[in-house]
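Student: Sending over a structure as structure tokens; questions will come in a sec.
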Amino acid sequence: MTKGRIRARIRRSHLYTFGCLRPQTTEEGGPHPLQLHGPGYSRTVYCNQPLIHEKKSLFYCNNNISTTKYNVLTFLPKALFEQFRRVANIYFLLAACLSASPISPFSPLSMIAPLAFVVGLSMAKEALEDSRRFLQDVKVNNRKVSVHKSNGEFVPRSWQRVMVGDVVKVEKDQFFPADLLLLSSSYEDGICYVETMNLDGETNLKVKRSLEATLSLDNDGAFWDFSGTIHCEDPNPNLYSFVGNFEYERQVYPLDPSQILLRDSKLRNTDYIYGVVIFTGHDSKVMQNSTKSPSKRSTIEKKMDHIIYTLFTVLILISFISSIGFVVKTKFQVPKWWYLQPDNIEYQYDPKKIMLAGMSHLITALILYGYLIPISLYVSIEIVKVLQASFINQDIQMYDEETGTPADARTSNLNEELGQVDTILSDKTGTLTCNQMDFLKCSIAGTSYGVRSSEVELAAAKQMASDMEEQDTESDLSNFPMIKGRVPRQNVRRAEEIELETVVTSKGDEDKRPAIKGFGFEDSRLMNGNWLKDPKADIMLLFFRILSVCHTAIPEVNEETGICTYEAESPDEGAFLVAAREFGFEFFRRTQSTVVVREKFSASGGVVEREYKILNLLDFTSKRKRMSVIVRDEEGNIILFCKGADSIIFDRLSENGKMYLEATTRHLNEYGENGLRTLALAYKRLNEQEYTEWNNEFHKARTAVGTDREALLEEVSDLMERELILIGATAVEDKLQKGVPQCIDKLAQAGLKIWVLTGDKMETAINIGFACSLLRQGMKQICITLDSDAVTNDRLEVVKGNILNQITNAAQMINMEKDPHAAFALIIDGKTLTYALEDDMKHQFLGLAVDCASVICCRVSPKQKALVTRLVKEGTGKTTLAIGDGANDVGMIQEADIGVGISGVEGMQAVMASDFSIAQFRFLERLLVIHGHWCYKRIAQMICYFFYKNIAFGLTIFYFEAFAGFSGQSVYDDWYMILFNVVLTSLPVISLGVFEQDVPSEVCLQFPALYQQGPKNLFFDWYRILGWMGNGLYSSLIIFFLVIIIFYDQAFRINGQTADMAAVGTTMFTCIICAVNCQIALTMSHFTWIQHLFVWGSIATWYLFLLLYGVLPPKYSKTAYQILIEVLAPAPIYWTATLLVTVACILPYLAHISFQRCFNPMDHHIIQEIKYYKKDIEDRHMWTRESSKARQETKIGFTARVEAKIRQLKGRLQKKQSALGVPSPTYT
């Protein structure tokens, strides 16, 4: 008893028809165990004798788990492998090794230090990220549980020391440390309640039961001499099956999943349980469903390797050209150069050893031209990504005030990948939904009740109102049909107002009534007993009684307030009971065989407690799609109450039970269109003889032994659930997390595909699909399922052939569809998915799924989530993002290109395995559409620019090499070359990667189609990459040859001297610094003072360095002594050449972007121009119209659904206008 709540101890097993029955025994032979033999069924567990399993023949893994990518022994080799998967790092490793030789043009330190810094920084980052997973593992492994030591004594022990065969005692609200066989519980019949949120994402409690033979083991002392043997299946990832036998006291009992408690499930509403450990550690089912932490690399980084290959090929090519030129010079010209003393020359210049000289020069050239492959690129990218990640973390718009949780970029390696996502694979419970239902509307006896609007209705009304405003001011509307002709505007407006009045409800009344969780109903006709005045009050009475009696919930009474809350197996059921309570029919007590309801508005006028005796309960299954309860009321009448899917209930109605069928069907369609989940309610009165005869048959089926027992029960139940009388229907709204429909709508408009992978049953998943607008009315549903009987009885080839036939037929149906606006949704369950994911069928399944607008996979295990994610990732070759909040989502999160964890109520397992974490699903919109878009363009432009500037710089060294007889002489001072990437061009490119914005954040959301620039890879395709490389080649040619032409054979100083190599090299380097920094200024779309400081400051820094370097003594400055003050600054040709070369270098790019913006502008160019001329402020209507066009055509999401609703409203509007005598408008 906690928190003022009390609970009756009930033998829940008596309530269930199908799911919670104990194995029956026959009179002759006792239990019927399964015959376990052969591969896959070799595990033997000796209960209460854990040390036996330490023997070599039975050695089982320990209970220690690890989810880290590295350990102490593997970190160094694996981390080094990760770093040297980068092609550039391999090249620089070889260059660093060769730099120790005498033929290197640079010192060893200048080559080794940058490489060590880059690799060491990246390895430290990997270690930091993996240490977080390690700390989480330590925390889990050190949890405590009570373990039987000996002589009935239980002692606390850490999870990692639990062994197979141990008897453990788990207490309320604790997690199970391993996979256990339930022996007994605090309930006298061995029932316990389990929350499997971490396994399948469901928040509803599951009922587990022990064998009757072990019920007596209900205290510590009972385990003094306990022993038994379990023979069962080997470790496997299937969460929903278990096969085994339990030998105890010379009897053998068959085991099934209802006796198994899985690791990471939680014990709820049960004081304690005893269990024996079957699977530990990585043998447990939850760990079997886990996948290894993968090494993820972004698409851009992978493509960078191909660019490096290209540049490396160029490097080798020009090195060979240089070496060939050197060999020719050495062979034929060096012997003639007497001043080089050819008879006393080093071996690398010896004409007599020409091959050795050529190879030596090749190595020298490979090192000298290494500036073509920038090692600083990786350092710059790491810095930029860390800063980008910090901006994501500090985004106040992604901060959840309720929990105080900000966004967290847990790894910065994948920032740009956020801008290239094609498919999102999402968990449902806790990710999309709150798993909370609100009772909103109902239909009773052909009359609809409930005036409050659903989210879909309100959005449709809002859009309709916006549509009407546009019709008033604009005659051309592309998205919606326009009213034309000579129709009096006031008449049309009045007709529209009539329609909208039925949709929009008053917020004033809503605010007056305190919110009741699970109850959003508003209608005075039913509240406060007003229904008693209705002529059909007797039917309404039956409706309320079905709500309050037909369920399996258990009430919990708060002793302080006296208010009942309910522990229901589904949130729908909980909402029905709350609604019944608010209507005056409060279910408040359940005994073993009765349900007691307080009826507030009875004939006597007071509160009356009515007791209903439960005779039979036919519970809900995904196959039956209905549940029924047979009760005897206080007057002795036997009544069957039934609720279920309308398609099932309507087929079972009697002829006189269809009185309200037409009206109810119409209401159900309206509720469905408004995004509500619906159930139909019916009843049937029974006479004593009819019930007795049926109950005898039902008892026979219930006590039958064999595989056909469930089929017999279904057959007998079906006989009873016939000739029903329809009463009405209910409509509940599945409360999505805040902003989920809007987020999905925006992502759909951005062109993203969304798949839902959930452990929920199919009906729930479909309803959620409707609630978040992944499904809508008019969308054709393709349900690929298998009959459970077929799986049991048919051969594997037949089963697979059946699935393949369904897939093929569905694909043909899509291909034959003529309507371009037709939308298809694929829905598949986990059992069918098992076969669909096999190698011979998975590509057909993927092809069908890709052709559908939305895909929902239900009843899937964590392993299947990961396999589906892998199939989409590898099969489409496009970027996938997985998002979830529970441990059951870890495999999917790790398998996807990007994993996003939601730090919700299900623990931190998903967050620990994720690349990014957010507090709510709605923040995904901002993470992708804004930060993803920005990061992709920033990184893409940054890398392209990096290669441009290094090609422009590196090729000038090659050109000079040709002019210097291929001698290996560089035209630049060593310090110039060192500072080029480190100081003089590093900060502008970092500012480009951190601060660049093509459009502001609010514009990204208003124009979601901009996001498609990432998935289409418009800024990092080969056309753009080669364009930038070509620009670098052009700049290198201009810089080198224009400077040489200007300075060649001309007087440079006042006294007529010509320029030496130092003056030419410094002038050339000045031109490079000015050209590449002006180029990046042209590339930027968004300037802050930081960009101005870095770009123009880099040019100023060059002159400052030249000044200070020239002041140093000649011992240090060498040929650069006083080069600026005495040599370059006084010479006008130096300044003229710098200006001329810089302008010539940037002129082609300036012409290109000017032509593109004028004649072939991209989307962001148009938006930038509109913003620059402030047209978004001066002409708001134009801005709204343009933003409405800037979205990808989609068949899912709130907008698509609202437009369908608007078309329906306008159809009704035409009819009303006709009724009002207004001529029908013409639509275009």
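Start at 1 and count along the chain as shown; that gives each residue its number.
Each residue, glycine too, has its Cβ placed from N, Cα and C.
TrEMBL feature annotations, pasted as is:
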DOMAIN    45-112  domain 'P-type ATPase N-terminal'
TRANSMEM  307-328  transmembrane segment
TRANSMEM  354-379  transmembrane segment
BINDING   D427, T429, D885, D889  Mg(2+) binding site
BINDING   D427, K428, T429, E573, F620, K643, R677, T758, G759, D760, R859, K865, N888, D889  ATP binding site
ACT_SITE  D427  active site, 4-aspartylphosphate intermediate
DOMAIN    911-1161  domain 'P-type ATPase C-terminal'
TRANSMEM  946-969  transmembrane segment
TRANSMEM  1025-1048  transmembrane segment
TRANSMEM  1060-1081  transmembrane segment
TRANSMEM  1093-1112  transmembrane segment
TRANSMEM  1132-1151  transmembrane segment
Student: Just how many other Cβ atoms lie inside 10 Å of the Cβ on D427 (Mg(2+) binding site)?
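Tutor: 30, counting other Cβ atoms within 10 Å of D427 (Mg(2+) binding site).
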Student: For the transmembrane segment (1093-1112), give me same-chain residues lying six or more residues beyond its boundaries with a C-beta closer than 8 angstroms to one of its C-beta atoms, as numbers and ranges.
Tutor: 975, 979, 983-985, 987-988, 990-991, 1066, 1070, 1073-1074, 1077, 1080-1081, 1120-1126, 1128
Student: Roughly how many Å lie between the Cα atoms of F620 (ATP binding site) and D427 (Mg(2+) binding site), rounded to a whole value?
Tutor: 24
Student: Taking Cα atoms as reference points, which of the binding-site residues R677, G759, R859 is nearest to D885 (Mg(2+) binding site)?
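Tutor: It is G759, whose Cα lies nearest.
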Student: Using D889 (Mg(2+) binding site) as the reference point, find which of the binding-site residues R677, G759, R859 has the shortest Cα-to-Cα distance to it.
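Tutor: Checked the binding-site residues R677, G759, R859; minimum Cα distance to D889 (Mg(2+) binding site) goes to G759.
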Student: Between the Cα atoms of D427 (Mg(2+) binding site) and G759 (ATP binding site), find the distance and write it as a whole number of Å.
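Tutor: About 8 Å separate the Cα atoms of these two residues.
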Student: Using a 10 Å cut-off, grab the number of neighbouring Cβ atoms around the Cβ of F620 (ATP binding site), all chains included.
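Tutor: Other Cβ atoms found within 10 Å: 23.
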Student: 10 Å Cβ neighbour count around R859 (ATP binding site)?
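Tutor: R859 (ATP binding site) is surrounded by 23 other Cβ atoms within 10 Å.
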Student: Under the DSSP assignment, what numbers of helix, strand and coil residues are found in the domain 'P-type ATPase N-terminal' (45-112)?
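Tutor: Each residue of the domain 'P-type ATPase N-terminal' (45-112) counted once, the result is 34 helix, 3 strand, 31 coil.
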Student: Mean pLDDT over the domain 'P-type ATPase C-terminal' (911-1161): what is the value?
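Tutor: Mean pLDDT across the domain 'P-type ATPase C-terminal' (911-1161) comes out at 89.
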